[in-house]
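Reading through the structure tokens given below for one structure.
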């Protein structure tokens, strides 16, 4: 079983923000699959199931994502190598998609929470959102909406990311890196 987690913040006002790119990928994946809702308030997530895949959007807000993912991981006894986390990355230019296992949180509070609750060795799908011109403006930047131009490009980036996630279930991460990394 795979647990595919999109990081983001709940609420309509955050729907198309840079910080919610993980949620956007999960939403698009769910559109193309037959899914059923898993109702369990202990999971603190919107959780969908399709075959041997679980798709989670933690409802704890970004900074406590690890609490939600930990409860799902423990309940379903999912190994870390079968957890795929999709998140925004300030250190990558907009539209870049990269993959890795483990590593630091790079100041990302969602990853920081995950690392402290489940460990670090899960699969990370990093989607570049670019950086603000002023370093002091990071919080406002990640919580701002994508521009129209970015949203137009994002559709293809999300489709590409979904194909990569499907490949991650059957291929070695190095194969996925060489085939699906977008720069």
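Using N, Cα and C of the backbone, Cβ positions are placed for all residues, glycine too.
Per Swiss-Prot, the feature site 'Discriminates between blocked and unblocked aminoacyl-tRNA' maps to 9. Mapped onto three states, the DSSP output places residue 9 (site 'Discriminates between blocked and unblocked aminoacyl-tRNA') in coil. The number of other Cβ atoms within 10 Å of the Cβ belonging to residue 9 (site 'Discriminates between blocked and unblocked aminoacyl-tRNA'), over all protein chains shown, comes to 22.
The Cβ of residue 63 (tRNA binding site) has 12 neighbouring Cβ atoms from other residues within 10 Å, across all protein chains displayed. DSSP classifies residue 63 (tRNA binding site) as helix under the three-state reduction. Sequence annotations record features per position, and here Swiss-Prot assigns tRNA binding site to 14, 61, 63, 109.
In the three-state DSSP classification, residue 19 (active site, proton acceptor) falls within a helix. Marked as active site, proton acceptor by Swiss-Prot on the basis of sequence analysis: 19.
Feature annotation from Swiss-Prot assigns site 'Stabilizes the basic form of H active site to accept a proton' to 88; the stated evidence is sequence analysis. According to DSSP, residue 88 (site 'Stabilizes the basic form of H active site to accept a proton') sits within a strand segment. Taking all protein chains in view, 23 other C-beta atoms sit within 10 angstroms of the C-beta of residue 88 (site 'Stabilizes the basic form of H active site to accept a proton').
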About how far apart, in whole Å, are the alpha carbons (Cα) of residue 9 (site 'Discriminates between blocked and unblocked aminoacyl-tRNA') and residue 61 (tRNA binding site)? 5
If you draw a 10 Å sphere around the Cβ of residue 109 (tRNA binding site), how many other Cβ atoms fall inside it, taking every protein chain shown into account? 17
Report the largest Cα to Cα distance, in Å and rounded to a whole number, among the residues 14, 61, 63, 109 that the record lists as binding tRNA. 16
Would you mind reading off the Cα separation of residue 14 (tRNA binding site) from residue 88 (site 'Stabilizes the basic form of H active site to accept a proton'), to the nearest angstrom? 13
Same chain, not part of 14, 61, 63, 109: whose C-beta falls within 8 angstroms of the C-beta centre of the tRNA site? Give them in sequence order. 9, 19, 60, 62, 64, 65, 110
